[in-house]
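The structure appears below as structure tokens.
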Amino acid sequence: MKILVTKNKEVASQNAFELLQTDIINGAQVLGLATGSSPLGLYQKMTSSSADYSNLISINLDEYVGLKPTDPQSYHYFMEHHLFAQKPFAKSFIPDGSNLNATEVINHYNKILATYPIDTQILGIGNNGHIGFNEPGTPFDSQTHKVKLTPATINANARFFTSSKDVPTEAYTMGIGSILQAKHIILLAFGEQKADTINKMVNGKITTAVPASALQQHPNVTVILDEQAASKLA
């Protein structure tokens with residue numbers, strides 16, 4: 001696990017962009033993408049660059065169950081607004097949150113992941129150590145599944161909604177086993193509130209209680225932090 005500690009989010013996002021572009025130059029064709037605040041700076045670098053992604057494929061980690069793609073709080077909408085409208089990809093896949101047939105959604109997404117193995121996966125990390133929507137206790141060999149979100153995750157995401165009561169309680173997510181199949185993983189984390197979790201991920205016991213600790217088992221992970229998120233690392 002390679003750790004890059006940067007001065008701030010701006011520098012971190014630039015470093016992530018440069019790493020991603022290097023992977024693409026070296027042949028990466030399928031990008032695993034994340035939502036939330038952590039990758040926003042990276043997406044801003046991508047959209048403001050001259051880079052062309054129209055021959056690449058993107059596969060997103062997750063989506064809320066029950067939200068249509070046109071819902072402003074859906075991850076479909078997030079990705080369209082922050083990246084795809086400015087930088088289209090050849091194909092972009094996101095779980096269909098409007099489809100309440102979980103078996104159908106899960107089987108379809110697992111087929112996509114089998115057809116298009118991910119070269120570079122972008123990740124954020126939750127305060128409880130979740131990656132994607134893989135909450136504590138998720139098996140490390142898990143594939144795509146429907147998850148019931150913990151109160152901690154719902155409260156953390158409430159800032160994007162009118163209130164915590166409006167946050168969906170379930171999501172479709174790629175599993176930890178799916179994430180670990182990526183050839184290169186780039187994880188971004190910022191702020192003092194992530195410091196304890198980052199330390200557990202990097203230096204702690206490998207345990208399902210901290211889903212991101214599974215990344216210790218992966219041979220090619222780059223963790224990009226600001227000084228605050230890195231403040232608890234030895």
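All positions are counted from 1 along the displayed chain.
Backbone N, Cα and C atoms are what each Cβ position is placed from, and that goes for glycine too.
The active site, proton acceptor feature in Swiss-Prot is assigned to Asp62, His130; the stated evidence is sequence analysis. Under the heading active site, for ring-opening step, Swiss-Prot lists Asn128, Glu135, citing sequence analysis as support.
In the structure as shown, the Cβ atom of Glu135 (active site, for ring-opening step) sits within 10 Å of 21 other Cβ atoms. Separating the Cα atoms of Asp62 (active site, proton acceptor) and His130 (active site, proton acceptor) is a whole-number distance of 12 Å. Looking at Asn128 (active site, for ring-opening step) and Glu135 (active site, for ring-opening step), their Cα atoms lie 8 Å from each other. Its Cβ placed at the centre, Asp62 (active site, proton acceptor) has 23 other Cβ atoms within 10 Å.
Cβ crowding, taken as the number of other Cβ atoms within 10 Å, peaks at His130 among the active-site residues Asn128, His130.
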